[in-house]
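What follows is a set of notes on a single structure, which appears directly below.
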Amino acid sequence: MISTESVLESGDQPCIRLEPLKNTHLPGKTTPTGGSRAAFMDSIPKVTANGVHDIEDRILRITGYYGYNPGYSSHRREDGSESHTETPGSETSGESRSYQTCTNTALKVLGGLLLVLCVSSSWVGTTQVVKLTFQSFSCPFFISWFSSNWNILFFPIYYSVHVVTTREKQTPIQKFRECSKHFGEDGMTLKLFVKRTAPFSILWTLTNYLYLLALKKLTATDVSALYCCHKAFVFLLSWIVLKDRFMGVRIVAAIMAITGIVMMAYADGFHGDSFVGVALAVGSASTSALYKVLFKMFLGSANLGEVAHFLSTMGFFNLIFISCVPLILYFTKVEHWGSLSSLPWGYLCGLAGLWLVFNILVHVGVVLTYPILISIGTLLSVPGNAAVDVLKHEVIFSVVRLTATCIICLGFLLLLLPEEWDSVTLRFLATIADKKSEEHAEELTESSVHTRSRSRANGTVSIPLA
């Protein structure tokens, strides 16, 4: 043990001497017996084979270590080893949770990218198939009417997926009545059916019909770019009708869209088929914007079943009430079909199927995922159509058209900015500024410390000025 008697009795300089432990009897104290002796022996630190713990405990006691307890260091080391043995388990659980989080994030990102690609490819396919159909069958209203009839399949497809994915089994009639609550508490009546469905069905037909007419005058790239202006019209209508928040950047985007439209019309001198095609495409974008604003007013908080029900009722309305229009156009020889056997049913069914897939992805994607993904998919149809036009149809774009297309796409991207983008951007810039100021302060502190240390080494003290 560490001997202190010689230090106290002599006047020499204090020294510390290590001696082996001979006995456990303290001078001036009686030897404990019985339970006291057992307790006393328990309080004495255990000696290991090499005596390291015993020496360390004695040094801690002599030096007056705060909070010293016999065996503290050895117990601390043992506790540390125990805590160290528990660490791998906690790290494993933390790694598993982080792995699951990363996996879920990756799946969401991949699902979003897949949805964007599906929306873009279906819209590009629809536009290109329309161009191919016009080569042998130039009846745009009949094509629009035939494709709109396929909306009837919305609810059957939804019900089939619902039966497969859920355990609750309902008959189609029960599910149809459950999803028709957006028509009122009493469900869908003939009066409500006509009153609520007619405006949407007419806007739907006008949007598709004007889009097809524009494709007869312009290339697929120009029409798809001009159709992207509907996002700016949606903002303007929402700001006026729905009293949405005013955003200066979206006003700038709307101005850019109008500028692109004017440049597209100016590309051929404001005359001929180009100007008419631009007007038709802008009209299609306008009716589409009005349809979407009204859809938000009427079915803003609708679930997927109600959306499928509503689109199927639109298909029924189109089949029952708008079927007279193709007949009128046929008998007036505005659109001549010929015999039914001579119709290009392959192109018509392929076009209707692609259009149905696109509409399903748009309406279902808005309900289940983020609307911005649908918008990005629509925007990507512009470079997709441009690639097909250049590679297959050998279309040569003028500088004015390319500039107008880029301006419209840039305005479309500005419209995708969230409402709180300005405050988020300011907070981000403020965070960066704070980090830079902290780093600058740390650099100044380090430089001042180095300056003082060099001054002390030279025998002087320098006080840096603030």
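Using the three backbone atoms N, Cα and C, a Cβ is placed for every residue, glycine included.
Positions annotated as compositional bias 'Basic and acidic residues' by TrEMBL: 75-85.
Per TrEMBL, the feature domain 'EamA' maps to 112-265.
Residues annotated as region 'Disordered' in TrEMBL: 73-97 (among others).
Summarising the annotation, TrEMBL assigns region 'Disordered' to 443-466 (among others).
Tertiary proximity for the transmembrane segment (106-125) is limited to same-chain residues at least six positions away from its ends with a CB under 8 Å from its CB atoms, namely 220, 224, 354, 357-358, 361-362, 365, 369-370, 373-374, 376-378, 380-381, 384-385, 388. Annotation source TrEMBL lists transmembrane segment at 106-125 (among others).
The transmembrane segment annotation in TrEMBL covers 137-159 (among others). Sequence-distant contacts of the transmembrane segment (137-159) (same chain, six or more residues past either end, CB-CB distance under 8 Å): 130, 172, 175-176, 179, 201, 204-205, 208-209, 212-213, 216, 304-305, 308-309, 311-312, 314-316, 318-319, 322-323, 325-326, 329-330, 335-337, 343-344, 347-348, 351-353, 355-356, 359-360.
Residues 130, 140-141, 143-145, 147-148, 183, 223, 227, 280-281, 283-284, 287-288, 290-291, 294-295, 298, 310, 313-314, 317-318, 321-322 of the same chain lie 6 or more positions beyond the ends of the transmembrane segment (193-212) yet place their CB under 8 Å from a CB of it. The feature transmembrane segment is assigned by TrEMBL to 193-212 (among others).
For 224-242 (among others), the entry in TrEMBL reads transmembrane segment.
Sequence-distant neighbours of the transmembrane segment (248-267) (same chain, 6+ residues past either end, Cβ-Cβ under 8 Å): 222, 225-226, 228-229, 231-233, 235-236, 274-275, 278-279, 282, 398, 400-401, 403-405, 407-408, 410-412, 414-415, 417, 421-422. The transmembrane segment annotation in TrEMBL covers 248-267 (among others).
TrEMBL lists 274-295 (among others) with the feature transmembrane segment.
Per TrEMBL, transmembrane segment is recorded for 307-331 (among others).
Same-chain residues lying 6+ beyond the ends of the transmembrane segment (343-362) with a Cβ under 8 Å from its Cβ atoms: 115, 118-119, 122-123, 125-126, 129-130, 132-133, 136-137, 143, 146-147, 149-151, 153-154, 157, 311, 337, 374, 377. Residues or ranges marked as transmembrane segment in TrEMBL: 343-362 (among others).
Sequence annotations record features per position, and here TrEMBL assigns transmembrane segment to 368-388 (among others).
The annotation transmembrane segment is assigned in TrEMBL to 395-417 (among others). Within its own chain, the transmembrane segment (395-417) is flanked in space by residues 219, 221-222, 225-226, 228-229, 231-232, 235, 247, 249-250, 252-257, 259-261, 263-264, 266-267, 372, 375-376, 379, 382, 386, 389, which lie at least six positions past its ends and keep a Cβ under 8 Å from the stretch.
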Distal contacts, the transmembrane segment (368-388) - CB-CB under 8 A, six or more residues away: 111-112, 115-121, 123-124, 127-128, 219-221, 224-225, 227-228, 231, 304, 361-362, 397, 405, 409, 412-413, 415-416
Close approaches to the transmembrane segment (307-331) from elsewhere in its chain (Cβ under 8 angstroms; 6 or more beyond its ends): 139, 141-142, 145, 148-159, 176, 179-180, 182, 188, 193-194, 197-198, 200-201, 204-205, 299, 337, 359, 363-364, 367
Segment-level pLDDT (mean, integer) for the domain 'EamA' (112-265): 88
